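Trainee: Sharing a structure below in structure tokens format, with a few things to ask.
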Amino acid sequence: MRVFLPIIYIIVFVVGLPSNAIALWIFIYRTKKKHPAVIYMANLALADLLFIIWIPLKISYHLNGNNWIYGEAMCKVLVGFFYGNMYCSILFITCLSVQRYWVIVNPISHTRKKTKLAFMVSGAIWLIIILSTIPLYLFDQTASITNLGITTCHDVLPISVLAEDMFRYFLSLAIGLFFFPAILMTVAYVFMIKTLNNSITDEAIGKKRRRAIMLILTVLVMCLVCFLPSNILLLVNYATIRKTHEGNVYAFYITALCLSALNSCIDPFVYYFVSKDFRENVKNTFLCRSVRTVERMQISFSSMKYSRKSKTYTSTSSNTQTSNC
């Protein structure tokens, strides 16, 4: 466990930091049309980044034998950002799923109104996350284990914190910020798949739709695999401590929390496969093409297509005239 947890967190940091930084930069500076999906993905990338920058402290903590040396305040910040990122990610992924379903069902709708709504929803989510994580800053998070000569961060409940209070707090978080959004997300994806299946008529379109369905299922499974075990074991851990005053599922609990952090480095790759615009922007970024250069290339390509069509039309017209003569 002393080796496994740091390795996972190192992977999350090494992969997640550059990929989320690039993703956020692309969403802000390279993406011209700020439609709702872009707004939600940009906020998701920001949430992941705000969590990842604190991971070195987590790595140091586990490599040091679960001995926290950075003080109570830093421990509270780390814990607050950890859970804040988890529930923030769930809410923004839910927004993305509902928004994608809405686009499929109502392809013709007012973009400006949807964009304004997306900004408002994003602001509301950040406010909810800030308010819901305030108790984590009020509770003591560090505890000294004298017989081991270590100070833990969030792993052991201090005497000043009641297990009953923590259980009720995390139960309300899990119900309101995970289980309800997860049900909403699942329902949205099920209806989305049903709508896409019903609309498949042409074989070429059918292949694209089936690919879209596979991506939808991948995102749903990824989200549930990352967050379902951690939320269930979180509740089981505090329920066990409340009854027996012993953390019998502690090892499973911290492993599940660690694996939930993997979502932060997976998200950018989901953007890449889900969004065609994002793929193009990534390609142009690595080819060092400016936004203006890309626009010129698009105009040039459109002109070539138009001129080819014109030539074809002229050639067809002349052939028709000759045959008539």
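Using the three backbone atoms N, Cα and C, a Cβ is placed for every residue, glycine included.
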Trainee: I want to verify the bond table. Which candidate from C88, C95, C153 sits on the other end of the disulfide that TrEMBL records for C75?
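Mentor: Its disulfide partner, as TrEMBL records it, is C153.
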Trainee: When you look at the transmembrane segment (250-274) alongside the transmembrane segment (6-28), do they share 3+ Cβ pairs under 8 Å, ignoring any pair fewer than 6 residues apart in sequence?
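Mentor: Between the transmembrane segment (6-28) and the transmembrane segment (250-274), contact is present.
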Trainee: Within this structure, do the transmembrane segment (77-96) and the transmembrane segment (212-238) have 3 or more Cβ pairs under 8 angstroms, counting pairs 6 or more apart in sequence?
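Mentor: Touching, yes - the transmembrane segment (212-238) and the transmembrane segment (77-96) meet the threshold of 3 or more Cβ pairs under 8 Å.
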Trainee: Check for me, if you would, whether the transmembrane segment (250-274) reaches the transmembrane segment (117-139) - at least 3 Cβ pairs under 8 Å, residues 6 or more apart in sequence.
Mentor: no
Trainee: What mean pLDDT does the predicted model reach across the domain 'G-protein coupled receptors family 1 profile' (19-271)?
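Mentor: Mean pLDDT across the domain 'G-protein coupled receptors family 1 profile' (19-271) comes out at 88.
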